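According to TrEMBL, the protein carries these features:
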type: BINDING; residues: N12, L14, G39, E60, D83, N103; note: S-adenosyl-L-methionine binding site
type: DOMAIN; residues: 19-188; note: domain 'Ribosomal RNA adenine methylase transferase N-terminal'
Amino acid sequence: MNHRPKKRFGQNFLQDRHIIDGILAAAALEPRDRVLEIGPGLGVLTDRLLPSVARLHVIEIDRDLVEGLQARTAPHLTVHVGDALALDWEAILCEPPYKLVANLPYNISSQILFKILDHRHLFSRLVLMFQQEVGDRLCAAPGGRDYGILSVLCQVWFDIRRVLRVAPGAFYPPPKVYSSVLCFEALARPRIEIADERFFRRTVKAAFGQRRKTLRNSLAGGGLGFDGLEDALREVGIDSGRRAETLSLEEFGRLAQVLARHVSPA
Ligand SMILES: C[S@@+](CC[C@H](N)C(=O)[O-])C[C@H]1O[C@@H](n2cnc3c(N)ncnc32)[C@H](O)[C@@H]1O
């Protein structure tokens, strides 16, 4: 098929067979699996997924590619045309759990991750390609500059490991950066206790809002400051002079609990 890759849709098509093999191996497919693929493009992953799974949904935004995908007449394949960020995943994925496999367009990877977090109950495993820098952030441990909002929010719910490092030449056209394939395994229960998930997310975002600042200042800047904050945090073993990037997941859990007691949950 003659298709001119479109930059606006982040079209870097995989052409390295070893990388495709590595993605499929990480997905650990079983015949009864139901899978969602976001951004099938020319279908290199789709064609490898199809014979191995019970059900495959693909979501592709580029109408020029849809005809080629629909030409694969497998009865267990459903092609959804549209923006994966806008489509209603609950309506499409009616028989969870699903595995999610995607060579994601880099420009929407954070937004997709937030949508995945909102729909994590639908998924048992995710195998996703990211720009290497984003992959590093997702796997990062506390203490370094890679550790941030997405590291915390995703690591609470998933075991995340990098399975492949991918050079630009694996794609056509080659992107300017290296990429990483990450495998997310859904945990049976979150790593920490979270009473109110929306508030937990708000806490983490506020704490990292101004990452060079101390917790005391960044929380105040994010509307989560209150009189007595320093003492309240000290009581749960957190020094308000620390920066967000030094806090473990457990400490973020305790931080959110303390703030929830003192700040209105709006
Ligand atoms: C990096 S390419 C990967 C294509 C193919 N899976 C492969 O590995 O060669 C990203 C694909 O996602 C599609 N895409 C981009 N934005 C999208 C969106 N918001 N929703 C669904 N698909 C999207 C692009 O058109 C493209 O086919």
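FYI, residue positions are counted from 1 along the chain as it appears here.
Cβ from N, Cα, C; glycine included.
Just so it is clear, the model here is predicted, and its values are computed rather than measured.
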Fill in the blank from the handout: Comparing local Cβ density (other Cβ atoms within 10 Å) for the binding-site residues N12, N103 points to N103
Handout entry: Sparsest-packed among the binding-site residues, when each Cβ's other Cβ atoms within 10 Å are tallied, from E60, D83
Key = D83
Exercise for the section: Can you tell which of L14, G39 has the least company, meaning the fewest other C-beta atoms within 10 angstroms of its C-beta, among these binding-site residues? Expected result: L14
Fill in the blank from the handout: For the domain 'Ribosomal RNA adenine methylase transferase N-terminal' (19-188), the averaged pLDDT of the predicted model is 97
